[in-house]
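Below: the structure, in structure tokens.
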Amino acid sequence: MTKKYVLALDQGTTSCRAILFDRDSNIVGVAQKEFTQHYPKPGWVEHDPEEIWSTQYGVIAELMARYNVNPEEIAAIGITNQRETTVVWDRNTGKPVYNAIVWQCRRTAGICDELKAKGLEEKVRYKTGLVIDAYFSGTKIKWILDNVEGAREKAERGELLFGTIDTWLVWKLTGGKVHVTDYSNASRTMIYNIRELKWDEELLAELGIPASMLPEVKPSSYVYGETDPNVFFGHAIPISGIAGDQQAALFGQTCFEPGMAKNTYGTGCFMLMNTGDKVYESKNGLLTTIAWGIDGKVEYALEGSIFIAGAVIQWLRDGLKLIESAADSEYFASKVPDTGGVYIVPAFAGLGAPYWDMRARGTIVGLTRGTNKYHLVRAALESMAYQTRDVLSAMEADSGIKLQALKVDGGAVANNLLMQFQADILGVPVERPVNIETTAMGAAYLAGLAVGFWADKQELVAKYKVSRRFEPTMDEQTREKLYKGWQRAVTRAREWEVEE
């Protein structure tokens, strides 16, 4: 039977999706289902790995049935996933020893403080490209080994396995035959040496993590194994692409050359710039991370994460009840020519790159008697664009590369007012692609390339279509005046929360 499709599995923080792409990179079908978020204590976030698997498997089955797809028509499967989220399971039974600890979970902040007190920050940054933070997998693994009864003993005996979500899904899809991850996901664990491309023995010893738990690290476009026919509707299909969600979006946006960048506007924002074979050590609060491994080489990226982006619009809707739906924000914001001098700094959970200020809190500044709800809605939207400029300035400073255009994706990019303001405040064009499912697209591309479904990256570049290009129209003087106002507003939000 002709191989017509590539199946992308997009395992996100709140939902599992299965998306089918054809040779022309068109979406043939989508199935999606949300799963449960567990909050056992304030600041703790967990997922049930078995529920993630059953939900992911369910959407695959739903997709095949709804669009009448024969598994034989699928050339390959690509996986993209929420990064850093940590699963530890028993090698023999296949059962998790604890819930998955999600990337947002802050329970290991104390372990991070201990590592910082030991003076390990420079070493961790040099080896892993990351800052010491509860966000990454390393301290989560340590927490499970230290706090789940019998876990450490089992791990020492070689009976436990660790994986990020990609690893867990491949293990399940192959019927427990393959324990693997890719370079991009490994680079988010805080225990992987991104220069030497191996698990770092010194950091493993520091955290007390046995090397026997760790998956083998492979390229992002590579045949890792095949689905177990008993699991996958009687068929053995190659699993041949893996990348963490943000790296997958960079690939899906065809940012294949150094200096190309994309920004994903979701709950938060994630901006990545391809830096080719260069490992830039950030002096400006960015992360250095592996973009992907393909064609026998590893390429790197600079990454800046903004904690609150689209979430500020949800807050206007649910917290303040200023709007009824997220789509209203563009209409309300367009009622006024500007914010009337109002700035909102949405530091609800501290500030991410380039500040990394956990004690910053949200502020609204510049209010006058003339301020109305339209000004507030507009200021909330503009905060996403200002934060993006903060990150871009840091990237340009670290890499010495001047951005030519910003490629964008994610839910909020449908907002034309936001995209135009983004182009204006950056002073560079903003490109919105026809297909905004770039994360799944990236996973599909990586998988398809590994099995020859697509010939090479050039073929993918030719398929990339821009739906709209927003050119900057603001003059330099206005742009800099507005941005200086934003910088002043940020200083008001910094270090607000005081330790009791």
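The first residue you see is number 1, and the count goes up from there.
Glycine is no exception: its Cβ is also placed from the backbone N, Cα and C atoms.
Here TYR135 (sn-glycerol 3-phosphate binding site) comes close to GLU84, TRP103, GLN104: these same-chain residues lie at least six apart in sequence, with C-beta atoms under 8 angstroms from its C-beta. A coil conformation is recorded for TYR135 (sn-glycerol 3-phosphate binding site) in the three-state DSSP classification, outside any helix or strand. Here Swiss-Prot flags THR13, ARG83, GLU84, TYR135, ASP245 as sn-glycerol 3-phosphate binding site, drawing on sequence analysis.
According to Swiss-Prot, the feature ADP binding site maps to THR13, ARG17, THR267, GLY310, GLY411, ASN415, an assignment based on sequence analysis. In the three-state DSSP classification, THR267 (ADP binding site) falls within coil.
In the three-state DSSP scheme, GLY411 (ADP binding site) is classed as helix. Residue environment of GLY411 (ADP binding site) contains 15 other Cβ atoms, counted within 10 Å of its Cβ in all protein chains. The annotation ATP binding site is assigned in Swiss-Prot to THR13, THR14, SER15, THR267, GLY310, GLN314, GLY411.
Less than 8 angstroms from the CB of ARG83 (sn-glycerol 3-phosphate binding site) sit TRP103, THR164, SER184, ASN185, ARG188, GLY244, ASP245, GLN246, each of them six or more residues away in the same chain. According to its DSSP assignment, ARG83 (sn-glycerol 3-phosphate binding site) is coil. Marked as glycerol binding site by Swiss-Prot: ARG83, GLU84, TYR135, ASP245, GLN246.
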Neighbourhood of GLY310 (ADP binding site) by C-beta distance under 8 A, where only residues 6 or more apart in the same chain count: TYR265, GLY266, THR267, GLY268, ALA326, MET384, GLY410, GLY411, ALA412
Alpha-carbon distance [GLN314 (ATP binding site); ARG17 (ADP binding site)] in Å: 22
Assigned element (helix, strand, coil) containing ARG17 (ADP binding site), judged by DSSP: strand
Cβ-based isolation winner (fewest other Cβ atoms within 10 Å) among the binding-site residues THR13, THR14, SER15, THR267, ASN415: THR14
Neighbouring binding-site residues, C-alpha within 10 angstroms of ASN415 (ADP binding site) - of THR13, THR14, SER15, GLN314: none
Chain-mates of ARG83, GLU84, TYR135, ASP245, GLN246 with C-beta within 8 Å of site centroid, glycerol: GLN82, THR85, TRP103, ARG188, GLY244, PHE270
